[in-house]
Amino acid sequence: MSDMSDTGDWCLIESDPGVFTELIRKFNVEGVQVEEVWSLDDQTLEDLKPIHGLIFLFKWQAGTDSSQHHPDADLNINEQVYFAKQVINNACATQAILSILFNCPMLKLGEDLDSFRDFTKEFDPYNKGLTITNSEIIRSVHNSFARSDPFVSDSKVAATEKDDLFHFISYVPINGALFELDGLSTGPVNLGPCTENNWLDKVRPVIQERMARYTSAEIRFNLMALIKNREVVYGERISALDVRIQEANVNNNEQEIRRLVNEKELWLQKIELEKEKFRRYERENSLRKHNFIPLIYNLIRILAERGELQPQLEHAKKQVQIRKEQSEKKKGEGSK
């Protein structure tokens, strides 16, 4: 990733569904959210449908990933696929999200993103990426998720080869074909024909192959899906059940009515769980931005003034030693 610009005025944001979901909402995009994908099995993906696109986070390795010229990159597909080059390091998470949003015409993006997409759609990939980087609206939303930095430094430290660098790429079905959208590549990669019904089957081996490139010690992968808002999905299912309940009432089918009412109650409970999850996202995102150093400092100071700090330190040391001895004992028992 050394061939790109530095971080510029873009912060590093956490790869988290709560962060990505709220980021999308701040763009005023309607009806979508982001969920983590824990497995690529059929049932997991089925439960998340409809899925608009997938975002894959992986450890970037020089010489093995996202070369400047991908042999399958299509440089003559500008009108069909919205593809932007990544020109700054820390923008890759937001750019991966935009790669899906800008290639899903059925989504309600809101005035800002709609205008941006229309303004840049004829640009070449590099100028698309440059315009994203220089967009005050996009950058300010991205930077609103910056973690609080308790220590201010006047200098920026560039990443070295020893640092772990992570990268995001998107997978999206577009006009009957599956595309890999990687801002470090020269263009979108056409992975073959697909339909809205089978594109997840097509993308599964692609992601599995990427994971297989790494050693068994490298497990830092993250796969997220941009999906239709669950409250909307569950609400649609409840509406369909209401129609069936009315039909059962007309036919005086008490057993069917009870079954449908119980099923409706389950979907209502799921909606409440979704609402609670979004409230949790808001709390967690607020905590991410908070600087806890003053609180920690004052707690330590108060403990010291009361003469309680040193005993607490000694107690902590003893607990560490106990855990260490217990761990060594378990290792010894396991080797017998």
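Positions of Cβ are set from backbone N, Cα and C atoms, glycine also.
Heads up, TrEMBL stuff is auto-annotated, nobody curated it.
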Stretch carrying coiled coil according to TrEMBL (options 3-49, 238-284): 238-284
Cα-nearest neighbour of HIS167 (active site, proton donor) within the listed recorded positions, GLN86, CYS92, ASP182: CYS92
CYS92 (active site, nucleophile) to GLN86 (site 'Transition state stabilizer') - Cα separation in whole Å: 7
Local backbone state of ASP182 (site 'Important for enzyme activity'), from DSSP in three classes: coil
Assigned conformation of CYS92 (active site, nucleophile) - DSSP reduced to three states: helix
